[in-house]
Amino acid sequence: MTQISERLLVQAHLDAKQPNPLTAEQEAEYRAAIAAELKAQNAVLVAHYYCDPVIQALAEETGGCVSDSLEMARFGKNHPAETVIVAGVRFMGETAKILTPEKRVLMPTLEATCSLDLGCPVEEFSAFCDQHPERTVVVYANTSAAVKARADWVVTSSCALEIVESLMDNGETIIWGPDQHLGRYIQKQTGADMLLWDGACIVHEEFKSRQLADMKALYPDAAILVHPESPEAVIELADAVGSTSQLIKAAQTLPNKTFIVATDRGIFYKMQQLCPDKEFVEAPTAGNGAACRSCAHCPWMAMNTLERVLDCLRKGGDEIFVDPALVPKAIKPLNRMLDFTQAARLKLSGNA
C-alpha cells in the first residue's frame with residue numbers, strides 16, 4: 001500500500017468515529033426524520049451488506065434495498081424513485097449515476113472510497129491495457145467510472161466466474177483488474193488466460209491462513225466462509241467461497257451451526273437475521289497499520305452514519321456527478337454485466 005493510500009485510510013478511519021454515540025432515543029429520532037425525508041423527496045435508500053447494521057435496517061424499513069453491489073445497481077436502476085441514496089462507497093454511487101443519469105444520486109459522504117479504486121488509477125491502467133490490445137479488458141465493479149469506461153466488461157464477485165468462463169469459451173484472453181486475489185481465484189477456477197493488475201482490498205488482505213487455521217481448531221465443527229478477495233492461502237481453507245450474497249446463501253444452506261466468516265463484519269447483520277439459530281464468528285486478521293485494520297470492517301463503509309444520511313437528504317451537497325463524456329463508454333460494460341446476469345437468471349428459472 002502506498003503512503004498516500006495509507007494516509008487516506010487513516011483519515012477515513014478517524015472520520016468514521018462518532019465521538020458522541022447516539023442514544024436509543026436519538027437513533028429513533030434520526031430514523032424517523034430520514035424516513036420522512038425519503039418520502040417527501042421521492043427518494044430510496046440502498047445499502048451495501050458492509051454498512052453498519054443500523055443503516056441496513058433503515059434501508060429495509062423504508063422500502064429500500066440491502067444487497068451486494070450487483071443488486072444495488074439493478075435495484076437503483078429499476079426503482080421509480082427520483083433520488084437514490086447510496087450507502088456504500090463512491091464507486092457504487094458512480095455506478096448508480098451511470099446507469100440512471102436522469103436521477104439524483106446522493107451519498108452520506110463522498111469521502112467513502114475503496115482501496116481497490118485508489119489502487120487502479122485510470123492513466124496507469126489504460127497504459128497497461130494499451131500494451132495488450134488483443135486482450136479483453138474485464139474490471140471489477142470496485143473501480144472508478146473512468147476505469148469502467150476503459151473496460152469491455154464490468155463484473156462483481158457474484159458473476160465474475162461465469163462471465164470469465166463465457167469469455168474463455170469464446171477464445172478470449174483477458175486483462176483483469178484491479179483485485180489480484182479475486183483474479184487469481186477466477187484464473188484457478190476457470191483456467192482462463194488472464195493478466196492480473198496488482199490491487200487488493202485492505203480488509204480482505206488482512207485475513208491470514210495461520211490464524212484462521214488456529215481458529216478452526218477452536219471451532220472444529222464450524223464451516224469457514226471466505227470472500228474471494230482474500231489471499232489464496234485463506235481461500236484454500238474455505239468450506240464455501242463467494243460474494244457477499246453467496247456467502248449469506250451458504251450460511252443458510254450449510255448444515256453447520258457455527259461459521260467462521262472471512263469478510264467484512266457488516267455482513268453479520270443479514271446472516272444473523274436470516275439464520276437466528278446459528279453462530280457467526282469473525283475470522284482473525286493481522287493488521288498492523290496506523291489504522292484499525294485488525295478488525296474486519298471497512299473504514300470507508302463505516303463513514304455511512306445516520307447523521308450523514310439525514311444531512312445529505314436535507315442539504316443535498318454530497319451528490320454524485322459523472323463526467324458526461326464517460327457515461328456512454330462506462331454504461332456499455334455495465335449493461336453487458338446486467339444483461340448477462342439477467343439472462344442467466346431466466347435460464348435458471350426456466351430449468352427450475
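A Cβ is built for glycine as well, from the same backbone N, Cα and C atoms used for every other residue.
Source: prediction; values computed, not measured.
Marked as iminosuccinate binding site by Swiss-Prot: HIS48, SER69, TYR140, ALA141, ASN142, SER157, HIS227, PRO228, GLU229, THR244. In the three-state DSSP assignment, the secondary structure recorded for TYR140 (iminosuccinate binding site) is strand. Just so you know, the Cβ of TYR140 (iminosuccinate binding site) picks up 29 other Cβ atoms within 10 Å once every protein chain is counted.
Under a cutoff of 8 A between CB atoms, and with a sequence separation of 6+ in the same chain, the neighbours of CYS298 ([4Fe-4S] cluster binding site) are TYR50, VAL89, CYS114, ILE202, VAL203, ASP264, GLY266. Annotation comment: Swiss-Prot describes CYS114, CYS201, CYS298 as [4Fe-4S] cluster binding site, evidence class sequence analysis.
Within 10 Å of the C-beta atom of CYS201 ([4Fe-4S] cluster binding site) sit 25 other C-beta atoms, taking all shown protein chains into account. Around HIS227 (iminosuccinate binding site), the C-beta neighbours below 8 angstroms that are at least 6 residues distant in the chain are SER157, HIS204, VAL241, GLY242, SER243, THR244, LEU247, ALA262, THR263. Around ASN142 (iminosuccinate binding site), the C-beta neighbours below 8 angstroms that are at least 6 residues distant in the chain are SER69, VAL89, PHE91, CYS114, LEU116, ASP117, PRO178, ASP179, CYS201.
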